[in-house]
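Under the heading Zn(2+) 1 binding site, Swiss-Prot lists CYS53, CYS56, CYS77, CYS80, citing sequence analysis as support. What Swiss-Prot lists as Zn(2+) 2 binding site is CYS68, CYS71, HIS90, HIS94, and the listing cites sequence analysis. Taken from Swiss-Prot, the feature coiled coil covers 365-386, and the record attributes it to sequence analysis. Taken from Swiss-Prot, the feature domain 'SANT' covers 106-158, and the record attributes it to sequence analysis. Sequence annotations record features per position, and here Swiss-Prot assigns domain 'SWIRM' to 461-548. According to Swiss-Prot, the feature N6-acetyllysine maps to LYS257. Summarising the annotation, Swiss-Prot assigns zinc finger to 48-104.
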Amino acid sequence: MGRSKLASRPAEEDLNPGKSKRKKISLGPENAAASISTGIEAGNERKPGLYCCNYCDKDLSGLVRFKCAVCMDFDLCVECFSVGVELNRHKNSHPYRVMDNLSFSLVTSDWNADEEILLLEAIATYGFGNWKEVADHVGSKTTTECIKHFNSAYMQSPCFPLPDLSHTIGKSKDELLAMSKDSAVKTEIPAFVRLSPKEELPVSAEIKHEASGKVNEIDPPLSALAGVKKKGNVPQAKDIIKLEAAKQQSDRSVGEKKLRLPGEKVPLVTELYGYNLKREEFEIEHDNDAEQLLADMEFKDSDTDAEREQKLQVLRIYSKRLDERKRRKEFVLERNLLYPDQYEMSLSAEERKIYKSCKVFARFQSKEEHKELIKKVIEEHQILRRIEDLQEARTAGCRTTSDANRFIEEKRKKEAEESMLLRLNHGAPGSIAGKTLKSPRGLPRNLHPFGSDSLPKVTPPRIYSGLDTWDVDGLLGADLLSETEKKMCNETRILPVHYLKMLDILTREIKKGQIKKKSDAYSFFKVEPSKVDRVYDMLVHKGIGDST
């Protein structure tokens with residue numbers, strides 16, 4: 001049995017872009033209701049075709065078909081095969097296989113043999129845990145049905161890992177088909193029988209009490225569903241379950257969005273960290289290549305004792321690496337590191353820096369001990385900061401607590417205004433270059449970007465006493481410069497961020513045609529022309545500007 005068609009496979013689109021191997025019924029509420037209404041009028045239910053002819057689009061479910069052994073997922077009906085149909089890459093000279101009717105129960109009465117094969121193919125393709133893709137591959141079963149059937153028929157089988165086939169061994173195909181028909185007759189319910197409240201399906205109450213007017217228009221009445229003459233009650237339940245899933249999907253996709261609390265944070269765990277919440281796995285685990293150690297290892301009867309012991313040692317090493325991977329994942333989940341820390345977000349910039357520096361000790365402490373350590377360290381920082389503020393206030397002449405608090409508040413406000421001005425002027429080097437290029441930080445000698453509290457309390461004559469030697473290494477943007485550019489910045493005393501901004505402005509203006517020679521660039525910057533010349537020469541060296 002070949003694998004069924006999926007719309008996402010490019011190979012199928014090459015063979016026949018306009019046709020799909022499996023006919024899928026849309027899960028929209030309108031289509032789901034229409035499918036139930038059609039089943040009511042016809043007197044029986046129609047299942048989506050598992051296989052279709054690639055040429056005439058005939059439903060081949062339960063019929064003999066011819067499968068090409070060369071082309072991927074290419075099937076033909078008997079009529080098209082008999083006349084030698086050729087389509088795209090498929091030729092009538094290709095080898096083929098005759099695929100017989102497998103619409104009979106093999107393991108359980110509610111699963112046909114072809115559905116069993118599709119289930120195993122899907123698990124082999126998508127792996128365990130991707131049950132939504134597995135259900136889409138099978139086509140005629142829901143995700144819950146696939147999980148339940150695999151667990152009961154395979155995982156809990158007395159013949160594990162094989163299913164229990166004791167009731168089908170030795171029986172012919174006709175006998176299996178007859179058994180399937182008998183099981184269908186036994187599950188049949190009398191026509192026009194009213195279901196009692198206890199026998200009503202769980203979704204009936206939801207269908208009855210649906211408050212939405214649009215959904216009520218498409219929901220068929222329960223009496224109509226219960227009074228339909230069908231072969232069995234199980235297929236009827238599947239249709240209603242599909243309708244419920246359709247309504248849930250519709251509510252999620254096109255319904256009203258649920259209001260979210262202003263303070264509620266929804267971290268994009270999968271996007272940011274590559275973590276799958278449902279499978280509880282990372283896309284890239286710690287020591288992700290650990291399996292390569294024993295990927296090609298094989299135990300043979302001809303192995304000597306030394307070789308066997310060596311392979312066992314490899315297995316022990318691999319086991320330890322798996323234990324370390326598990327320990328790290330449990331550490332991340334236990335400490336809730338995938339989500340933003342509300343306590344960290346409530347801290348100031350300096351306190352947040354201390355918080356991050358203490359994270360390295362988390363591996364040596366329990367969660368409660370580490371949290372207590374961080375609180376104590378931050379409290380110590382706050383106390384020291386308060387002592388420094390009070391000492392500075394006393395030096396300024398404050399004698400009471402209220403005067404000191406007023407002085408500290410004004411100081412904080414002034415620092416905030418200065419930092420705001422620095423951020424506003426950061427993008428325009430020409431506006432502040434003439435005033436701030438007197439120190440390696442791009443600020444006046446009596447101003448520091450982190451405030452006076454981050455500097456030692458020394459007398460003014462001793463501040464920046466070692467600025468005779470200019471070195472831009474370690475400054476912001478220095479890692480983006482070459483050695484030649486760093487040397488030029490040291491010689492001209494230009495900050496790396498200012499140099500990069502000047503390069504950007506000069507490059508854009510040269511491309512616009514505003515700067516055609518070196519002297520045209522002087523008007524764009526409020527710095528010495530010699531510094532502009534050096535930056536312009538660097539552009540000429542890179543082949544951007546004109547040397548004139």
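A Cβ is built for glycine as well, from the same backbone N, Cα and C atoms used for every other residue.
Values in this document were obtained by computation on a predicted structure and should not be read as measured data.
Positions of the features from Swiss-Prot, shown on the structure.
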residue: CYS53; record: Zn(2+) 1 binding site; Cβ neighbours (10 Å): 24
residue: CYS56; record: Zn(2+) 1 binding site; Cβ neighbours (10 Å): 12
residue: CYS68; record: Zn(2+) 2 binding site; Cβ neighbours (10 Å): 23
residue: CYS71; record: Zn(2+) 2 binding site; Cβ neighbours (10 Å): 21
residue: CYS77; record: Zn(2+) 1 binding site; Cβ neighbours (10 Å): 22
residue: CYS80; record: Zn(2+) 1 binding site; Cβ neighbours (10 Å): 18
residue: HIS90; record: Zn(2+) 2 binding site; Cβ neighbours (10 Å): 19
residue: HIS94; record: Zn(2+) 2 binding site; Cβ neighbours (10 Å): 13
Sorted by sequence, non-CYS68, CYS71, HIS90, HIS94 residues with Cβ within 8 Å of centre, Zn(2+) 2: ALA69, VAL70, PHE74, ARG89, LYS91, TYR96
Top Cα neighbour of CYS77 (Zn(2+) 1 binding site) in the set of binding-site residues CYS68, CYS71, HIS90, HIS94: CYS68
The domain 'SWIRM' (461-548) [mean pLDDT, rounded to integer]: 80
Helix-strand-coil residue split for the domain 'SANT' (106-158), DSSP-based: 35 helix, 1 strand, 17 coil
Zn(2+) 1 site, defined by CYS53, CYS56, CYS77, CYS80: further same-chain residues with Cβ within 8 Å of the Cβ centre: ASN54, TYR55, ASP57, LYS58, LEU60, LEU76, VAL78, GLU79, PHE81, VAL85
DSSP three-state assignment for CYS53 (Zn(2+) 1 binding site): coil
Spatial separation of HIS90 (Zn(2+) 2 binding site) from CYS56 (Zn(2+) 1 binding site) - C-alpha basis, Å: 15
Alpha-carbon spacing, CYS53 (Zn(2+) 1 binding site) to CYS71 (Zn(2+) 2 binding site), which is rounded to whole Å: 14
Distance from CYS80 (Zn(2+) 1 binding site) back to HIS94 (Zn(2+) 2 binding site), taken between C-alpha atoms, in Å: 14
Coarse DSSP state, helix versus strand versus coil, of HIS94 (Zn(2+) 2 binding site): coil
CYS71 (Zn(2+) 2 binding site) to CYS80 (Zn(2+) 1 binding site) - Cα separation in whole Å: 16
Pairwise CA distance, CYS80 (Zn(2+) 1 binding site) versus HIS90 (Zn(2+) 2 binding site), rounded so that it is a whole Å: 13
Mapped DSSP class for CYS77 (Zn(2+) 1 binding site), helix or strand or coil: coil
